[in-house]
Amino acid sequence: MTPAAASELLLSIESTCDETAAAVIRRDGTVLGQCIATQETLHEQFGGVVPEIAARAHLERILPVIDTALTQAKVRGEDLTAIAVADRPGLAGSLLVGVVAAKTLALAWNKPLISLNHLHAHLYACQLIEGAPANIYPAIGLIVSGGHTSLYVCRTAIDLEYLGGTIDDAAGEAFDKVAAMLSLPFPGGIEVAKLASQGNDKAYSFPRSMIHDPGDDFSFSGLKTAVRYAIVGPGRQDFASLDISDQVKRDVCASFEAAVVDVLVSKCRRAIKRHRNRNNNPQNSINRLIVGGGVAANQRLRRDLQAAADKDGFELWIAPPHLCTDNAVMGAIAWKKFEAEQFASLDLDITPGLQRGF
Ligand code: KG4
Ligand code: ZN
């Protein structure tokens with residue numbers, strides 16, 4: 001590393017949903033300071049993230065979180081090289097807090113501003129795996145998060161082509177809704193996964209929607225309804241009054257998780273096969289899969305993707321579990337935008353909502 005690179009420092013800010021996070025990352029990727037304030041206790045009584053509550057909590061936490069990251073890194077604002085913030089996609093109020101904080105600090109400290117696509121950052125978490133090659137791109141990218149289930153061709157970290165995605169619920173959303181049906185604690189994905197590891201994945205035959213569809217789209221809402229019918233039968237609404245045995249819960253979770261994972265793995269295998277021999281031109285061929293987002297922390301998904309990679313002979317990189325859920329360290333992708341001189345102006349606005357099709 002050159003002496004200049006050692007002193008080049010990025011402040012990365014993340015506030016797209018319900019985690020307020022900041023990190024100080026050196027140009028060589030070393031994380032000098034980081035802080036995440038989670039909001040789980042604020043939302044658990046509602047069984048999901050309440051956007052208004054999330055925005056207010058970000059507002060209270062954003063400056064202390066940034067301050068903690070800078071203090072940990074022993075860096076003053078004036079010493080920074082650039083400030084990066086996720087401006088899309090996400091909850092409007094949540095995004096706004098991060099973007100306004102980043103713009104204000106960029107103005108006060110006279111630093112360049114870099115805007116980040118949160119989804120691209122989730123995939124970039126794979127580049128941060130210890131032992132990963134210097135460049136994991138080009139690759140097919142799978143994002144599996146609470147809001148998104150999407151496949152991309154990633155030519156570089158910041159040049160992505162959308163292949164397809166869910167037409168209804170995201171994989172993480174389905175995990176969370178099944179957790180709610182079973183009255184499991186919030187956030188639900190990890191709780192479903194815990195029970196699934198002790199259940200029989202063949203106890204229920206849940207649908208693998210669109211698994212035979214040749215395209216790259218997904219659908220998980222039919223699976224969610226099938227789980228609902230398995231638990232209560234059609235017509236009944238009140239999950240809270242149900243008395244479901246622990247064994248049934250474990251079996252429902254295992255069978256549900258198997259259905260989600262089967263579809264994700266099958267779609268990835270097909271996308272890789274299609275791009276491996278593209279036009280028989282080695283220059284266009286891609287034989288590498290990168291996977292990020294909260295659901296990428298799921299052990300069964302990780303295991304089954306690895307088995308598919310071994311069988312089909314493709315290279316696989318899955319974000320480290322601690323970088324699967326939302327964090328600011330994956331904002332290291334901002335260095336790629338810095339190198340490409342892709343800076344944002346102080347007019348930067350948020351692009352909220354779900355991101356489909358691009
Ligand atoms: O990426 P993320 O932190 O936030 C979004 O950008 O959406 O993903 C959160 C999602 C939630 O739906 C959560 O239930 C799910 O990831 N999740 C999991 C696991 N850990 C988190 N789903 C399945 N298995 C897990 N181990
Ligand atoms: Zn996320």
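Please read every residue number as a count from 1 along the shown chain.
Here the Cβ of each residue, glycine as well, is placed from N, Cα and C on the backbone.
For the Fe cation site, TrEMBL records His118, His122, and the single candidate of Asp326, Asp347, Asp349 listed with them is Asp326.
Binding of substrate is attributed by TrEMBL to Ile143, Val144, Ser145, Gly146, Gly147, Gly189, Asn298, and within the candidate set Asp159, Asp176, Asp201, Asp310 the record adds Asp176 to that site. For Ile143 (substrate binding site), the nearest neighbour among the binding-site residues His118, His122, Asp326, judged by Cα separation, is His122. When the binding-site residues His118, His122, Asp326 are ranked by how far their Cα is from the Cα of Asp176 (substrate binding site), Asp326 comes first.
Proximity of the binding-site residues Ser145, Gly147, Gly189, Asp326 to ligand 2, judged by a Cβ distance under 6 angstroms to any of its atoms, singles out Ser145, Asp326 in sequence order. Close contacts with ligand 1, defined as a Cβ under 6 Å from any of its atoms, occur at Asn298 among the binding-site residues Ile143, Val144, Asn298. Take Ile143, Val144, Ser145, Gly146, Gly147, Asp176, Gly189, Asn298, the residues named in the record as contacts for substrate: the widest Cα to Cα gap among them comes to 17 Å. Neighbouring residues of the recorded Fe cation site, listed in sequence order and excluding His118, His122, Asp326, comprise Glu14, Thr16, Cys17, Ala86, Leu119, Ala121, Ser145, Gly292, Gly293, Asn327, Met330 (Cβ within 8 Å of the Cβ centroid). Checking each of the binding-site residues (Val144, Ser145, Gly146, Gly147, Gly189) against His122 (Fe cation binding site), the C-alpha distance stays within 10 Å for Val144, Ser145.
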